[in-house]
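Quick look at what TrEMBL annotates:
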type     : residues  : note
TRANSMEM : B:12-35   : transmembrane segment
TRANSMEM : B:67-83   : transmembrane segment
TRANSMEM : B:95-114  : transmembrane segment
TRANSMEM : B:120-141 : transmembrane segment
TRANSMEM : B:153-175 : transmembrane segment
TRANSMEM : B:195-214 : transmembrane segment
TRANSMEM : B:240-267 : transmembrane segment
TRANSMEM : B:279-296 : transmembrane segment
TRANSMEM : B:308-328 : transmembrane segment
Amino acid sequence: MVRLYTDDLSIGYGDRLIVKGLSISIPDKKITTIIGANGCGKSTLLKTMTRIISQQSGAVLLDGENIAKQNTKDLASKMAILPQTPESVSGLTVGELVSYGRFPYQKGLGRLTKEDYDVIEWALDVTGTTEFKYRSVDALSGGQRQRVWIAMALAQETEIIFLDEPTTYLDLAHQLEVLSLLQKLNKEQERTIIMVLHDLNQAARFADYIIALKDGEIVKAGNCEDVITADVLEKVFAIDAHIGIDPRTNKPMCVTYDLLEGANK
Amino acid sequence: MTKEKQQSIPFVIKFIVGIIVLICIFTVAMVFGAANTSVREVWLAITSDSASDTITMIREIRLPREVGAIFVGAALSVAGAIMQGMTRNPLADPGLLGLTAGANAALAITFALLPSINYFGIMIACFIGAAIGAVLVFGIGMLKRGGFSPLRMVLTGTAVSAFLYAIADGVSLYFKISKNVSMWTAGGLVGTAWSQLQLITPIIIVGLIVALLLSRQLTLLSLSEEVAVGLGQNTMRVKIILFFIIIILVGTSVALVGNMAFIGLMVPHIVRAIVGTDYRLVIPMSAITGASFMLLADTVGRTINAPYETPIAAIIAVLGLPFFLIIVRRGGKVFS
């Protein structure tokens, strides 16, 4: 089943198109990962699908309706976004920041209801950030901060969550922690997750569906066995990849790679 | 485990302390001046209709002047807070980003072309001028895609301000109205009359109330524009309304006191150190702190070299410039 898809979507400034006539479908209740080289348009695509920037032509449709024509506040109760490394926020406590996730449900000056508090507690709990509740967001480490931002997105109680490179600047353990949390949310609560990832092996390990982009166009979309292949990686990243099997997860992984002969023109 | 506790002093207490400080400073401002008066005379001037020379002086000269200081201080500080939140630029200030200079130029042009204009007309001219100043600075900023570092914005503001001041000076000289214009722009609170306040205070009050109603939206915007969109904020609409509030607050202030930089820069920084970054708290606290600050600066201006006036803009600038340098040096935070 598909609730969210793009129809002939083109994004860009003036004559320079970053994404060209893209039609992709996001499988419902699955983890979808977008991969591609720097500048291939993956972040731009994510921002357009979440109405942060507007497209030149085409449409993003959710439940059959063009998101550009929907009330932005209503939309915020259907999909949440975690932008790439949000700017640091000084002075707010973790509890306060997460409580902003309730914004789509509030009116006026925004008093929190009992239900809001319950959701905030749950979001803190599930991301393991309850212990930081009264601490300033600045005072946290990168991994803790990322979990707090995820908690805020969760407090939005949306079925669809977008994340733009949620593991950037995190060390190995924290990367895995964040991705495992997302996997748990997907499995236990059937949230649809769409994220941009840099690390191919993480994409292969956690994604049910991978979309590989190059120059704003799809090279290949499918499950990890279809996408993480030497052939696709050659086209997408201009690398000569050696694909093996992860002995623990049995998923394909890029064991080693070289630059393609003559790729560095 | 003290860190795990919620903020120790509730906002209400901080706000009440702020109000008490404001009342104390107001009393001091009313009592001290070129002609020293007593608290009793001040009290009589406000509450009774007795009419000795001193009491009439207090009622007709000093009281409107200090009421003006309260509202202008509040207006400029809140305008500064909104600008800093909206642009996520710790150096934003109506005086530094071209708004004051724009209003100033509009004032000069209006005097030149419509010498007999009334006070309402002057105020409207100031609104338009402030808007033009702001649009120029932000417009130039937008020419470069991907934005605008805080310092670049201030540089643009400085350049645009210099240009607009040059227009004001040129127009003043050409039409031989320099004296008239500088009476306005450098006059500070001198000669503030009740008739002006009647027009200006309701507008400032409305501006402050709308600012307060939008304060939650402003906090969201101050986090990150993308986060604000993701949480369902109509950022365009919010920004346009906030822009108009800034114009109104700054325009009325310039119409009353002329040029005044730095107060909108300093007060929000001081306030954030006390109440944090939630603009629901920053806005009201900036209003009362700005009022106190302006009263204090005006009282210093009136008494430091009495019976001569020391321009209030100069006093604030003496404090403001070091403050500005500290913000630049610490990368946006004065207190940490």
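Just so it is clear, glycine is given a Cβ too, placed from its N, Cα and C backbone atoms.
All annotation found in TrEMBL is predicted automatically rather than curated by experts.
Under the criterion of 3 or more C-beta pairs below 8 Å, with sequence separation of 6 or more, the transmembrane segment (B:120-141) and the transmembrane segment (B:308-328) do not qualify as touching, having fewer than 3 such pairs. Long-range contacts of the transmembrane segment (B:308-328) within its own chain (CB-CB distance under 8 A, at least 6 residues past either end) are made by residues 90-91, 96, 151, 186, 188-190, 257-263, 265-266, 269, 294, 297-298, 300-302, 334. The stretch in B:12-35, B:153-175, B:195-214, B:279-296 that contributes the largest number of Cβ pairs under 8 Å to the transmembrane segment (B:67-83) is B:279-296. Count of Cβ pairs under 8 Å against the transmembrane segment (B:195-214): among B:12-35, B:153-175, B:240-267, B:279-296, the largest is for B:240-267. Across the candidate stretches B:95-114, B:240-267, B:279-296, the maximum count of CB pairs under 8 A to the transmembrane segment (B:12-35) is reached by B:279-296.
Within the same chain, residues 68, 71-73, 75-83, 86, 91-96, 99-101, 103-104, 107, 119, 122-123, 126-131, 134, 184-189, 192, 196, 200, 203-204, 206-208, 210-211, 214, 218, 221, 286, 289-290, 293-294, 297, 312-313, 316-317, 319-321, 323-324, 327 sit at least 6 positions outside the transmembrane segment (B:240-267) and bring their C-beta atoms closer than 8 Å to a C-beta of that stretch.
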